[in-house]
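Heads up: the structure comes next, in structure tokens.
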Amino acid sequence: MSASAVNVNPGRNVVVVGTQWGDEGKGKIVDWLTDHAQGVVRFQGGHNAGHTLIIGGKKTILRLIPSGIMRPGVACYIGNGVVLSPEALFKEIEELESAGIDVQKRLFISEATTLILPYHVAIDQAREARSGAGKIGTTGRGIGPAYEDKVARRGLRVQDLFEPKAFAERLRANLDFHNFVLTQYLGAPAVDYQQTLDMMLSYADRLKPMVTDVSRRLYDENHVGNNLLFEGAQGTLLDIDHGTYPFVTSSNCVAGAATAGAGIGPQKLDYILGITKAYCTRVGSGPFPSELYDADNANRQEEVGLTLAKVGKEFGSVTGRPRRTGWLDAAALRRAIQINGVSGLCITKLDVLDGLDEVKLCVGYTIDGKDADILPRGAYEVSRCEPVYETFGGWKESTVGIKEWNKLPANAQAYLTRVQEVAGVPIDMVSTGPDRDETILLRHPFKV
């Protein structure tokens, strides 16, 4: 084999994952890191999660399109592990292009990506309405039912749109099944076949220029030395397998999902960046050991938790739902680090803790009288966790916009140092505000 046949300088690949229940601030960090990446890849989830970016004081919320779209010249990929609503996609494209951002020439969609259809949305919403107090807290956007169809081999893919006759036949069979569930079990209206067929086929010509073999394209990009950034959605504790089941999302949110959801070999993942807030939040139902505040629970309304919610502007970027807040749970973080193989951490929203008299860190639990130093598996055991806290002095100085570690208040440094000790991996980045430039860099993920 000639030396020229072997690429001695392959591109590096970094995976960004949330280590909590989502909403960790991944979008800002992905955007920040794209100055060293030629491509950004979404590999799971759908338009149920919003990534909020603030660049030059202007706020942008992305739901499907990777955060790299805000950087000129960066290619963006939607992998086969995503479930795609064409309606939501084109709405997002139109919003971005109306702001002068070039999208369609830089966006590439896997032909194997599963489609979200109107009956998925109808089932999602009808189920949630029927569940009453037992609801999971779904966004009602059809994500779960689309993944169900994928696993049941009923799913329709992007590539199926280009075979209209076969698409029509499979759609009819799917609607026979789903309309029976909607009308006979959920007591909801049926979804119209012809209207659905016409709508979905109308997207085919618009989608086709963006559809490609994403897996092959990523391989080729690496081979010529280009760096890729893999952008996770939601968070580890919402993972369908590793989260607080059944209060989870419908996809794998962990770093390993990048391999299956984008079609890249696991040995190609060079660095895993775990994103965690300096405190914790959760949206919807499910156990939350270090919880301080829940607007819907009169027994969980501590003043400091409300302060975190107000200062941190803790409302879902897509749903607008208020988030539950609590102290940073390092025992849960330890679980996420182990599952993801985290190389280093990025702590976000440190500035939200400014002005507190004291800051607490959950370092473990007691469960039925026994000590535990890591989050257990499944919702029922997690719901029995009583947090064990360490308390730190707060700081009155503002950390907003600080870009150097040694300029942080001493108590903030002490708190973060302890988080690093308990987590067992280095803190490589700290976010001190919502803007792209309000960031402390200790080690660059693409240069480690």
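Every residue, even glycine, has its Cβ placed from backbone N, Cα and C.
Copied over from Swiss-Prot, here are the features:
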type: ACT_SITE; residues: Asp23; note: active site, proton acceptor
type: ACT_SITE; residues: His51; note: active site, proton donor
type: BINDING; residues: 22-28, 50-52, Arg323, 349-351, 431-433; note: GTP binding site
type: BINDING; residues: Asp23, Gly50; note: Mg(2+) binding site
type: BINDING; residues: Asp23, Glu24, Gly25, Lys26, Asn48, Ala49, Gly50, His51, Thr139, Arg153, Gln234, Thr249, Arg321; note: IMP binding site
type: BINDING; residues: Ser317, Val318, Thr319, Gly320, Arg321, Pro322, Arg323; note: substrate binding site
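Ranked by Cα separation from Leu350 (GTP binding site), the recorded positions Asp23, Gly50, Thr139, Gln234, Pro322 are led by Asp23. There are 24 other CB atoms within 10 A of the CB of Thr432 (GTP binding site), with all protein chains counted. On a Cα basis, Arg323 (substrate binding site) lies 13 Å away from Thr139 (IMP binding site). Of the candidate recorded positions, Gly22, Asp23, Gly25, Gly50, Thr432, the one lying closest to Gln234 (IMP binding site) when CA atoms are compared is Gly22. Arg323 (substrate binding site) and Lys28 (GTP binding site) are 19 Å apart (CA-CA, integer value). Taking the C-alpha atom of Gly25 (GTP binding site) as reference, the shortest distance to any of the binding-site residues Asn48, Gly50, Arg321, Arg323 belongs to Gly50. Annotation note: Leu350 (GTP binding site) sits in a helical segment as assigned by DSSP. Summary: among the binding-site residues (Asn48, Thr139, Gln234), the fewest other C-beta atoms within 10 A of the C-beta are counted at Thr139. Cα of Asn48 (IMP binding site) to Cα of Gly22 (GTP binding site): a distance of 11 Å.
The subset of binding-site residues (Gly50, Arg321, Pro322, Arg323, Thr432) lying with their Cα within 10 Å of the Cα of the residue listed as 'active site, proton acceptor' consists of Gly50, Arg323, given in sequence order. In this structure, the binding-site residues Lys28, Arg323 were compared by how many other Cβ atoms lie within 10 Å of their Cβ, and the smallest count belongs to Arg323.
Using CA atoms as reference points, the binding-site residues Gly22, Gly50, Thr432 were checked against Arg323 (substrate binding site), and the closest is Gly22. In the structure as shown, the Cβ atom of Gly50 (Mg(2+) binding site) sits within 10 Å of 20 other Cβ atoms.
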